[in-house]
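See below for the structure under consideration.
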């Protein structure tokens, strides 16, 4: 008894040693484990085996079909990490699997390799995995022949360079058996796993009338094309596709490799590997291959017919895909059982031809045509229409400025500069139209030129026009300053010249052109877009251009701030200008981060166009809308002087003569000056006259000097001194002299400062009005 006890203990000890052997699984996949197809199921079996056997280590490698070099690295890495059960799941890597299996044949490393037959010379640690895919494709072809409404079915296969054509022939024979007059469409995609090509190939078959499509791909791309076209799909990847697509999949075959993994992992753990083993499975074994439930869209009578065919296929003597006499055209001999010789059948590279009833159309190798992807029509048409409307508005505004150039609100804002500003707006809108079109070598340069020049004209003229107002009103000593339009044009041209110079550098050094880029902007590898590109020197010049426009914006902001104190409405455009500049700056703070962050080309173009149109249109409405509104509501006011703000008016009312005015014929500063220069005045010789007003206050002298286009000078001196002679307004008008507003008698010294302020306001009002139109300069040194 003791001897038996010792023997039992020893056996238990060795049993524990055997069970404690490690099993590290490595799975090499041809595609993605997320394809919901063959690769997914191979990896799912690894996960389930790891969980069931409580393994400490397992690993997988994906997308190895793309590069044999990467596949070889995966083999080496798996061996380096100590994997001792390596699964090679694809026919593509059979050669590499057998190579490394031969190199490690003397080690405790075991292999499961998918293939058709055992290697020669044979390797004891290799299990050959295969399943009867021919009967499955035959069954799905039979189902398709029963379900088709058009009488046309299709098949997508890797092709003769990758796989046997017997899968294609099996599907065709199944469909022909169900419907003898079937039309069969066949196409090759040169890969087990290329979703883009497979999807496009299936779409091509659908366009040619196929309403059911079989495949020998590792993913559901073909069936997705079917369902996207409103047709019913069939599951040919081994995944229970009804879990994902529901009733849109008519029927699927299911493969479950967990039993395979667990079986051979236990052999590794128990150290009892079955040498020279093979794992061939089919419907009859019911261990790894099953048929899924039918969709509710499949009629019951068709379900019954398919079930009957399944039962016949489970009889191993029923092999219609190898025994049909129609197969004789392949040139493969039949064996004694009336079947095509298996090895030659599996290696067949020839597609069956049609007969007098059925028809076979071979599309051969399929390649996706390279497709040009343009901007969406919504962007192209939307930007073009909106920009066109904005250009029309600009032209209308330009017409109004020209027609009503002598109106008070237009004349005070310098019509010439207003026209240049509107011209800049038109150019900006034209640039937006070019931005919305597909780039070409010409438009890549033209749109940048137009956009830059447009903003330079727009902001540059605003800057210069308001710089003059700042210089004239920022004049505490009331010195004589003559700044006509012709003195400002060189500044505008200087700003424009700087812009043109930078653009010329960008154009000359940047090598600006349009490139066709495949796979750009989240496109597939079979789609391309035209993209504007430049060299590094061009990028530097473009950044310099952005800095230049940024400086123009800053200067415009500064000048707008400086003229905000001007209390004469017609001259003080600081509010609309500042608002316009702020809007542009705000958009830049939005545009720049969006442009730097990853964005599609369409999104970038949309952002640029929308911001350019919105900022320019709002700025234009702010600058011109108020002017035209005043013209419409208050009249053209061509013969009226300039209205001041509330603050200015209140000062004028305090300093003017009221009920206590001893001289009813005196003219008051602060009141509207209704006079205007006429063409007759411009041709009269200058004269100087003294006009005496009786006033008890101290004497004052104001001298107005007119700078006409003829460069002649006329002076009007008004000498306020003690005199009993009064001159009325009518007498002044008869002499065709501009009426001069005075503050009359000052009742006390406390009002002197207010009088001087109003004198200055009126003098400056008249001066800026005339000088902006190149007509008059005012010398007020003696006020």
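From the backbone N, Cα and C atoms, a Cβ is placed for every residue, glycine too.
Annotated by Swiss-Prot as transmembrane segment, the relevant range among 444-464, 465-485, 633-653, 654-674 is 444-464.
Relative to the membrane, Swiss-Prot puts residue 411 on the same side as residue 628. Note on Swiss-Prot: of 518-538, 539-559, 686-706, 707-727, the range annotated with the feature transmembrane segment is 539-559. The DSSP breakdown of the topological domain 'Extracellular' (437-443), given as helix, strand and coil counts, is 3 helix, 0 strand, 4 coil. Looking only at the glycosylation sites 256, 315, the densest Cβ neighbourhood within 10 Å occurs at 256.
At the 8 Å Cβ threshold, with sequence separation of at least 6, the transmembrane segment (416-436) lacks contact with the transmembrane segment (539-559), having fewer than 3 such pairs. Note: residue 196 (N-linked glycosylation site) has non-local neighbours 221, 368, 524, 525, 526, i.e. same-chain residues 6+ apart with C-beta under 8 A of its own C-beta. Among residues of the same chain six or more beyond the transmembrane segment (384-404), those with a C-beta under 8 A of the stretch's C-beta atoms are 410, 415, 418-419, 422-423, 425-426, 429-430, 432-433, 436, 609, 613, 616-617, 620, 624, 628, 631, 636. Listed as Cβ neighbours of the topological domain 'Extracellular' (437-443) (distance under 8 Å, sequence separation of 6 or more from its ends, same chain) are residues 374-375, 380, 512-514, 529-532. Secondary structure at residue 282 (N-linked glycosylation site), as computed by DSSP, is coil.
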